[in-house]
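Straight from TrEMBL, the features:
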| type | residues | note |
| --- | --- | --- |
| COMPBIAS | 112-121 | compositional bias 'Basic and acidic residues' |
| COMPBIAS | 122-131 | compositional bias 'Basic residues' |
| DOMAIN | 1-75 | domain 'Ubiquitin-like' |
| REGION | 112-131 | region 'Disordered' |
Amino acid sequence: MKIVVRFCGKTSFVQADPSEPILSLKGLAGNACGLSSSMVVLQHNSRILEDSNTVASYGIRNLDTITMYPRLLGGGGNMSENDGAMAMKEKNDCLICRRCYARSGKSAQKCRKCDSKDLRPKKPLKTMKKK
């Protein structure tokens, strides 16, 4: 069966078998667009396709459209302790407007939204004790 693969405004056709795993479909689609299978994510009917399942298990039929997205890095899960502490300090080191509760920089004289001069430092987070 033929499957339509869309990626960055380009459309290409891939020949696939219904019993074929999604991982091999990723390889075919990635080769058509010049990317490796580990660098892309496939989506069909707003569902992300898992590598271990087959094409037929998602109900993909002839001439169905699959959208291919590049895999994006990030999420903050792999941040070192020092970088995480520095990011939290920057986030919590600001001034809060008493009128509209908008966050402004630590050296601000007036609120960036309502131009009020009534600013206070952000309160530190309360830590909960583990039982």
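Using the three backbone atoms N, Cα and C, a Cβ is placed for every residue, glycine included.
Those TrEMBL annotations? Automatic predictions, nothing curated.
It should be emphasised that the depicted structure is a prediction, and the values quoted were computed from it without experimental measurement.
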Over the domain 'Ubiquitin-like' (1-75), what does the predicted model average in pLDDT? 88
DSSP helix/strand/coil residue counts for the compositional bias 'Basic residues' (122-131): 0 helix, 0 strand, 10 coil
